[in-house]
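Database features (TrEMBL):
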type	residues	note
TRANSMEM	A:20-38	transmembrane segment
DOMAIN	A:20-438	domain 'DUF112'
TRANSMEM	A:45-64	transmembrane segment
TRANSMEM	A:70-94	transmembrane segment
TRANSMEM	A:115-135	transmembrane segment
TRANSMEM	A:141-161	transmembrane segment
TRANSMEM	A:168-185	transmembrane segment
TRANSMEM	A:197-216	transmembrane segment
TRANSMEM	A:321-341	transmembrane segment
TRANSMEM	A:353-377	transmembrane segment
TRANSMEM	A:410-427	transmembrane segment
TRANSMEM	A:434-451	transmembrane segment
TRANSMEM	A:463-486	transmembrane segment
Amino acid sequence: MAFAAFSEALSLVFSWPTPLWVVIGLTLGMIAGALPGIGSSLGMAIILPLTLPLGPINAIILLVSMYSGAMYGGSISAILVNVPGTGGAAATTFDGYPMAKQGRAIDALSMSATASAVGGFLSVITLLLISPILIEAVLLFGSPEYFLMAILGLSMITIVADGSMVKGLVAGAAGLLITTIGIAPNSPELRYTYGSLGLYDGIDFIAALIGMFAIAEMLKLAGQEGGIADGDIDLTGSTLSGVKETLSHPGTIIKSGYIGMFIGAIPGAGATVSNFLAYGESMRSSDDPGSFGNGNPLGVISSEASNNGTIGGSLIPTISFGIPGSGSTAVLLGGLLMHGLRPGPQLFETDLHITYAFLIALLIGNIFIILIGVLVVTRLAKLTLIDTHIIIPMILVLSMVGGYTLRSNWVDVITVLLLGFFGYIMVRKDYSIIAFVLGVVLGPIAEENLMRSLQISGGSYDIFVTKPLSLLITAAIILILVGPYVKPALEKRLA
Amino acid sequence: MSRKSLYRRLSERFDQERVLLIVLILGSGFALVETFRFDISAAARFPRLTGSVVFVGALLIFFSKYLPEGLRAVVEESAGVFEADEDFEKRQQKAEEQQQAGADTAQTDRNEFSTVGRPIHDSVFTALVITGYAAVGFAIGILWATPLFVVAYGYWFKQPWHLTGVLAVIGFAIAFGFMSVLGVPLDRGEIFLTSGVF
């Protein structure tokens, strides 16, 4: 079955116009990534409504290509103006910017493109290779396990995210709570609708994503001053030497790519964490750690290989259990659901060809990253000079128009606005936006599986601890939630 | 009392987190109470579960100052799974600050509220102008409200007129593109132009 699906996926990806969507997605992603304050999640969120007329395959390929492109794009402003376009490129600034100051901006950008492409390629090819095992694992999961996995994902995010765990839990539960508006799953009960037809179908999660990512971010950006760059960096250096230098460090690329993949598979961690860990590991294992921070190419290579490596890892929980590893994969999950694709067994059985198609598209995308990155990077660099007051009104227009487009329903516009304001305060006060968004995306899946599980068990909650697998997940949830508080007390007692 | 000092007083007293927590406590409390009015008890289970977590959690954060030391630590402290070493944290913090603030540090034409010398915070204005955009869009259609919004935004942030004009045209083109490609009635308002123009 897997081979037939793989062959079908290959023919789908190489049939026109799918390759064009790969290139468009990568280019849009690079643009979004290169603009500090925009990044992959926001860029993907505002593009989501536009994917409505596309078929599910092209839409998902466009979105994953954007995700991949944005990871590389984030390094452009990190290297040229010392401002990372995305959190995943933060560690790139440490050595990328000093390299640019030393007249090696083109070298650094080429290194970033090559390391991103190779790191991303490695992680996706590994994902393809382990997919048969993943398929077997996913098929072991039933309704109780899917409900528990949703709770596990939320719990993981609350401990990984910045700020207090209680704040993370409240954010996640608030996200779940707002999905209860509308008709209840598996029952005709109307909840919190008060006669408003627009609320019968509930809160649209895409509107929530647009509000939380786009509006909240633009409100934050509006309070910051105009230009991002002062344009004092000359684009000098050599593309070829950048590519050569990167390929002369295969060990660093492989190690950093897999660090990215491993961290990406942990819900909530993502590229923001992996690029620092990969950079740290590269520094630790170097013969000359003192040169890091002063333009050591290994700093750029490790950070960039890891952030693109994160993509393959973050897709594991996203497509297997519907638990996104990051904001971008939350939007990707939204795209999957919007196009009628449910994460879990469906993506590994009837829709396996689609899963393979977007993984293959990601592989091809990594080749395009080198081509686009190396050939047009000097033009993309001009993006860093754009004034934020040009970007903000355009993003807000796209958000409002996109929100209304979802269902031609004013409830969605109000959702975009209110959750945008809500998200703005959450960001400022250290509440995890990712936990909230995950709650909104997972809510219907979690409730449906909870209700189905309880129907199977006749209302008994024992169903969540009777099977070894569900017991294991329940134990993991308890460990995650209680562990951080019990561990110090235990250590103290043992000492 | 001048409008400016009234605004200053209001903005100093306005604690965003408190407002957020009050909304969460009231919202989840209301959601919990409402579940007892549902006809089908199974449909109440999930909102009750999630509503309880939000209600209790938000209450704990709201009253964290008054909690016993041990419980307060649980409520306020980070679990910190990915805690890096000190040197790394400094670098990470620096990178985050750069990402937030941008590299431009021009000080011209700004005051304590606004980067362009206006009497209210830029974020507050942006929130108000997009609310106005939605309201005008509701009345006359988003297509027609879009250039008005862009012009209002450009005027407030003192953008050159020619640039604002170009952005207004691009904004209109974006909305028109959505309308044409996706067939969404963006040219129709709910109060005026109810049957649309195109």
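All positions are counted from 1 along the displayed chain.
In case you wondered, yes, glycine gets a Cβ from its N, Cα and C as well.
Caution: TrEMBL annotation is automatic and unverified by curators.
Between the transmembrane segment (A:45-64) and the transmembrane segment (A:20-38), three or more CB pairs separated by 6 or more residues in sequence fall under 8 Å, so the two stretches touch.
Within the chain carrying the transmembrane segment (A:20-38), a Cβ under 8 angstroms from the stretch's Cβ atoms is held by residues 13, 44, 47, 54, 58, 61-77, 83-86, 89, 217, 220-221, 224, 228, 361, 364-365, 368-369, 372-373, 380-381, 383-384, 386, 388, 391, 395, all 6 or more beyond its ends. Here the transmembrane segment (A:115-135) sits against the transmembrane segment (A:70-94); at least 3 CB pairs are under 8 Å, leaving out pairs fewer than 6 apart in sequence. Sequence-distant contacts of the transmembrane segment (A:434-451) (same chain, at least 6 residues past either end, Cβ-Cβ under 8 Å): 143-144, 146-147, 150-151, 153-154, 157-158, 161, 168-169, 171-180, 184-187, 202-203, 205, 208-209, 212-213, 267-268, 322-324, 326-327, 330, 333-334, 337, 342, 423, 426. Here the transmembrane segment (A:168-185) has Cβ contacts under 8 Å with residues 154-155, 157-159, 161, 191-193, 199-203, 205, 208, 426, 431-433, 435-444, 446-448, 451 of the same chain, all six or more residues outside its ends. When Cβ-Cβ distances under 8 Å to the transmembrane segment (A:321-341) are tallied for each of A:141-161, A:197-216, A:410-427, A:463-486, the top count falls to A:141-161.
Proximity of distant same-chain residues to the transmembrane segment (A:410-427), defined by a Cβ-Cβ separation under 8 Å and at least 6 residues beyond the stretch ends, is recorded for 171, 196, 198-199, 203-204, 207-208, 210-220, 399-400, 403-404, 433, 436. Outside the transmembrane segment (A:141-161) by six or more residues, the chain places 168-169, 171-172, 176, 266-269, 273, 317, 321-324, 344-345, 432, 434-435, 438-439, 442, 445-446, 449-450, 452-453, 456, 463-464, 467, 469-470, 473-474, 476-477, 480-481, 484 with a CB less than 8 A from a CB of the stretch. Averaged over the domain 'DUF112' (A:20-438), the predicted model has a pLDDT of 85.
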